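Q: This is the structure I want to talk about, given as structure tokens.
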């Protein structure tokens, strides 16, 4: 029996050039098939799901109307770009998404000419797009630049900085606001679509431009009032465009982002316009076309592998709690005893465990949106008034608020508590989301207390420690995922500041861990013991202030000292070496080595594979020990 393809038109498309050869009445079928393919692919690989389904029609329309990749198409964040990847020559690899050697879960310049700008973090698209548009002007190429940005991303300050700059120029920048939360505009319909098409057309724009020219010859008061009347009438009729008009954009919308009869003519009008910048306001629904995702957008924002028929996700059960949940629960316990504790997150309440705190203390919880800079200084302001703010942010996103950390927190020595989630490698999300650098970029700042939890029980105590620190900013870092399954304390007990602990005593090799690589150090010690190498394993707990007494003792009493951390060069190991150098301990007395992440941006894979490649698993630690000893490992032991 012949098996018929569920995607016959999509099967004919290798590049957007093939799409543009189709009749306009075939575009809807392409979109329908593209949605089916996206659902099927993500059910196999997992990944970001709802956002991609929400832009299927928009993606199809953009590639049909514009001459991509000559016309540049930038996806803000990039997590909604799976349909885009399918249409741009990557369908044959779409079921390798977020796997080792496979396609990235975000846009990536090295992956395709159709990805002119890489992404992962939010709110960068308009700035990058404006740069490309100005470059086109300078080069005389006059190609279009389209930046697609969500209503969450456009709330960030960088987006408004870019729009403010773009509004003062006449470059061919087209911003498409993908509004999937209805946070800006009222419901859309036929009248709105008709008006959008009318206002984006050449006739209306020509009349409007003529009106502007006439206004230049009128008394300023009359001209200003006329312009204001036109602006507000459009804002009233169209629902929400006045802000963008004030920034210098020509606003069109809102329009139904799932109706190609609305999208195609408006995109064509904007494409054929003589100047810019434009902002097209498109309203979409996350998870569109897949009932479980439509019904529970939050649960289907990002998914693991799932059954298409039922929507059931194949989540593995763990006997250990996740670090984010341990943090959230620990903060609740502390806040029950201290009404000065408040929780802050930047649009990541469930990802950081702040949602647990919010359920217990809704009035003491603040989700500031995608605004890390504001989150940090907002926390600083709370600290000046005697409150105890816990600012829970992923390591990779905390980078966005670095000047505020330095200028508003550290210099003023304000006791803001940073809970740094997703520290270290994060796996499938790759380089843009890796928490590789916080050891280095926080460790160089005066006044900070910096901790890393070696397991979930330690995290409980470190949260309690942060509560007790009232005279300095502090940070605790911990990874994504589940803990080790250790016995959990009933309550957190504040740790002695700047003091580590020895978890296993030896006399030949010393392994000093900062963070959750402690478990791999213990495995390495077991293997080294079988080879007759007595090994001490220590948990540093603190990078700053460093336990100098412990570091010097390990260096004096062992032949080899190796530091191990889930961070880049310039972090914990550098602090240890600096200390040893200042005490003359690197003058031939100890063989010191530092295990850190490679000095590169590592591509996505599973965390286990990535750490093994970095030499930060037990096997890599043992190998480093033998390199330090200077012995030929092939003669001493088979490490494979």
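Here, residue 1 is simply the first one shown, and the rest follow in order.
Every residue, even glycine, has its Cβ placed from backbone N, Cα and C.
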Q: Which of these, 79, 84, 262, 407, does Swiss-Prot say binds thiamine diphosphate at the same site as 120, 121, 122, 152, 153, 180, 290, 372?
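A: According to Swiss-Prot, the candidate sharing the thiamine diphosphate site with 120, 121, 122, 152, 153, 180, 290, 372 is 79.
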Q: Measure the Cβ-based neighbour count of residue 152 (thiamine diphosphate binding site), defined as the other Cβ atoms within 10 Å of its Cβ.
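A: Other Cβ atoms found within 10 Å: 19.
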Q: Do you know offhand how many angstrom separate residue 121 (thiamine diphosphate binding site) and residue 151 (Mg(2+) binding site) by C-alpha?
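A: So the Cα of residue 151 (Mg(2+) binding site) lies 14 Å away from that of residue 121 (thiamine diphosphate binding site).
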Q: Across the record's thiamine diphosphate-binding residues 79, 120, 121, 122, 152, 153, 180, 290, 372, the largest CA-CA distance in angstrom?
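A: Between the most distant Cα atoms of the thiamine diphosphate site, 33 Å.
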Q: Express the distance between the Cα positions of residue 180 (thiamine diphosphate binding site) and residue 151 (Mg(2+) binding site) as a whole number of Å.
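A: Per the Cα atoms, residue 180 (thiamine diphosphate binding site) and residue 151 (Mg(2+) binding site) stand 7 Å apart.
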Q: Have a look around residue 151 (Mg(2+) binding site) and count the other CB atoms within 10 A of its CB, chains all included.
A: 18
